[in-house]
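> Here it is: the structure, laid out below.
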Amino acid sequence: MDRKVLMLAVILFALAVRFQNFGEIFDSGIYYTGYDSYYHMRLVEVMVKESFRPDYDYYINYPFGLKITWPPLFDYILAFPGMLFGFHSSEIFAVFLPVILGVLSVVLICLTALQIVNNQTFALISAFIYAAAPVAVWKTVLGQADHHALVIFLFLLSAYLLLKDGVWKILAGLPMLFMALAWLGSPIYGALLAFSALVHFDRKALRLVAASYLIPAISFVLYPPVGISFFGLAAFLFVGSVVKGYEDRFRNATIYYIALSLATVLIIYFIPLPHFEFVKGGINYIFGANIYLPTISEARSLQIFEIISASGYIYFIFALISVLFFRNRFVLSMFFLSFILALMQLRFTEVLVVPSALLSAYLVSLVLERLEYPVFEKADEEEKSRRRKRKDRKVKQKNAEVEWKDHAVVAAFLVILAIPCIVVAVVPFDLTEDWKEALEWMRTSLEEQNYLNPYEKPEYSVMSWWDYGNWILYVSKKAVVCNNFQAGAVDAAKFFTAKSEDEAIKIAKKRGVRYVVTADEITMKDANNTKFPAIMRIAGYNVDLMTEGEILNFFNHTVLYRLHMENAENLTHFRLVKEFGDVKIFEVVGS
């Protein structure tokens, strides 16, 4: 069968699984997947309609506001169609861009696999496994207008170019530069590629890789910590190329060099050097040394079962087994390092799935060979045939044996193994009908604010838990106390866990709160699906030492309970103004 047809089938599969929730997204408007997407669109709306990208926003962390520090590339990409054709075009483009990037990433996996093994069947299997991996789907699903899809695409493009010969290695620095302009954490993925390159390449190739890292170091002009990090990685690789020259005399020279480099980083971490505080910040980020990170689902550590499920279930197990047979040190190094990252924070499974797909595809290929479905053997024979410039009759006869039914059986085998992946990859839309109605009501019924001017402090704010902050900001066009950036989260947590109305109203006055929004999932209404323990943790309570019964008893004495469960009937300064199923809106009165 024509490999182009099979690749097209993989692409169509990747599109299909990523087009979930189409009806929810285009439901009487345009909605997005997740939470962070909404703040990106808030920035894009200001950029398109007001012709500037704000570096400060009074509509979050009200009334203090918050500085916008992350790189702007992704926002400018989303805003570009709007600058030409109006904001509505950016709204639509933002819905489909992650899917486009996801499909391109699938193609890059295929090309990378070809670069590593030079076998089309192996490459197609790699692409299919990556296309089905739950975490790869979640990051590139329809409406997921967040920077992750772009970062992963650029990471894959960098890896692919590094694996090519000659000057292509230097060009790998270009996608790394774009990655640096899209995510402040880009040096983490740059380091992952650098360590993998050091282990895999010889000294000559390593010098080209080192040169490529000077390109993203240019980002120093806009983001000095990022630029310095990439320059440090370039130096690390250049010195590594020198060390490689001594491997004939000192067998483990590279290993000692890596150990020495890690020790140097640790020294920088523990010694208070003002100019290198970003190193400490980066390490703390990786290890999740932050009060907020343990309360974020994707930032949890040591989630081994979730790592397995997010990376492909049985396919991830295949990857672990394949480590015993696979010989490409670039892929093996990337797998082990990204696995360590994923153990530190679950979010890094987005990069772990890359080597995992390649490794599992290799084991699947070996199994197919044992079942007399030619994969590597067929490629070898075809190569010999091309060299002889004539078709060997035996090869031709063997190729003819691989008919449609054989391909169909193999495809069915791969799909059956991928069923758990597909089931997990399809997730309910975050924004329920109750929330859509509540957000639209707030947009049209509450006092209007000058939403498009983030530099002007509005008259009031809306208190909610941080998960809903960006929804309220973008859809309802109202200022919020806290959103997914965690600023304001402590006050929000203390407000909801307050044991007296007086305590809650003091926080409300401090934060200029006029309305409060609650939902079932932040209460203890369903103990198996609740955000309340996370709220308690942010408020300063040690939830780990409490039983479920103690947490429930604590909840029953909070202002959140008296608001959401009792509809504020026994409160003086709050009254229920509107209810939309699971979502309730209260007004602060007499404050």
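Placement of Cβ uses the backbone N, Cα and C atoms for every residue, glycine included.
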> Taking the topology from Swiss-Prot, would SER212 and LYS405 be on the same side of the membrane?
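Yes, Swiss-Prot places SER212 and LYS405 on the same side of the membrane.
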> Which one, ASP27, ASP36, ASP406, ASP430, is listed by Swiss-Prot in the same Mn(2+) site as ASP146, HIS148?
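Site partner of ASP146, HIS148 for Mn(2+), according to Swiss-Prot: ASP36.
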> Per Swiss-Prot, which of 192-212, 276-296, 465-485 is transmembrane segment?
276-296
> What parts of the chain pack near the topological domain 'Cytoplasmic' (143-147), using Cβ distances under 8 Å and only residues at least 6 beyond its ends?
21, 25, 31-34, 36-37, 40-41, 70, 74, 78, 94-95, 97-98, 182-183
> Please report the three-state DSSP label of LYS139 (site 'Important for catalytic activity').
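SS state of LYS139 (site 'Important for catalytic activity') = helix.
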> Starting from HIS147 (glycophospholipid binding site), work out which of the recorded sites listed here (ASP36, LYS139, LYS531) have their Cα within 10 Å, and give them in sequence order.
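Hits: ASP36, LYS139.
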> What's the CA-CA gap between LYS531 (site 'Interacts with target acceptor peptide in protein substrate') and ASP36 (site 'Interacts with target acceptor peptide in protein substrate') in angstrom, rounded?
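LYS531 (site 'Interacts with target acceptor peptide in protein substrate') to ASP36 (site 'Interacts with target acceptor peptide in protein substrate'), Cα-Cα distance: 18 Å.
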> Are there residues at least 6 beyond the ends of the transmembrane segment (122-142) whose Cβ is under 8 Å from a Cβ of it, and what are they?
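Cβ under 8 Å, 6 or more out: 3, 6-7, 10, 13-14, 17-22, 25, 33, 95-96, 98-99, 101-103, 105-107, 109-114, 148-149, 152, 309-312, 315, 349-350, 352-354, 356-358, 360-362, 364-365, 375-376, 414, 418, 421-422, 424-425, 427.
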